[in-house]
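J.: Pasting in a structure now, in structure tokens, and then I'll have a few things to ask.
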Amino acid sequence: MAAINVQSVEASQDNKIAPPKTVDSQSVLRRLQSELMALMMSGDPGVSAFPVEDNMFCWKGTIAGSKDTVFEGTEYKLSLSFPNDYPFKPPKVRFETTCFHPNVDMQGNICLDILQDKWSSAYDVRTILLSIQSLLGEPNISSPLNPQAAQLWSNQDGRWWRSTNVQVLRFGTAVPYSGPIRSFLRLL
């Protein structure tokens, strides 16, 4: 039995297969504490996030719509859930308040490359929040989670969508997700 283990180790060294990365929970906690301090010290306007009670793996965040966008004056609540192997895997981030947007579905899931296949352990909570804030005003129409919102956004370069949906967006900031929102869709 020991010979098999040695051979498999030797085979993996010959093929240069790296062993899976493991992260101890203390290093993840230190990383999250460091990111919290960096976010608090950054002074970035319109973004914030804090752990929920004593759980450093569960955060609540807010982002404000950027100036000179249809989202200006709106504020959105987010939930961030960090996996045990953070930062090697991205956190799960979703909108807790309604956000009618091409890259956000009705359950609050976000289509953002850095939260999926473009994730890097160099990213942090601040980067995530600023990226989502930027995505609000500059949606990725080529990868929509909400095709209806994408179609409205791209209609006439977005002018029609922006002018007719400002009040819906403002209303949406106060409505928490609780599953499919049919009444919200009827407003459109």
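Each residue, glycine too, has its Cβ placed from N, Cα and C.
TrEMBL entries are annotated by machine, without manual review.
Found this in TrEMBL, in case it helps:
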- Cys111: active site, glycyl thioester intermediate (ACT_SITE)
- 1-15: compositional bias 'Polar residues' (COMPBIAS)
- 27-175: domain 'UBC core' (DOMAIN)
- 1-22: region 'Disordered' (REGION)
J.: I'd like the Cβ neighbour count for the residue listed as 'active site, glycyl thioester intermediate', meaning other Cβ atoms within 10 Å of its Cβ, all protein chains included.
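T.: Its Cβ has 18 other Cβ atoms within 10 Å.
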J.: Tell me, roughly as an integer, the mean pLDDT over the domain 'UBC core' (27-175).
T.: 87
J.: Under the DSSP assignment, what numbers of helix, strand and coil residues are found in the domain 'UBC core' (27-175)?
T.: 58 helix, 34 strand, 57 coil
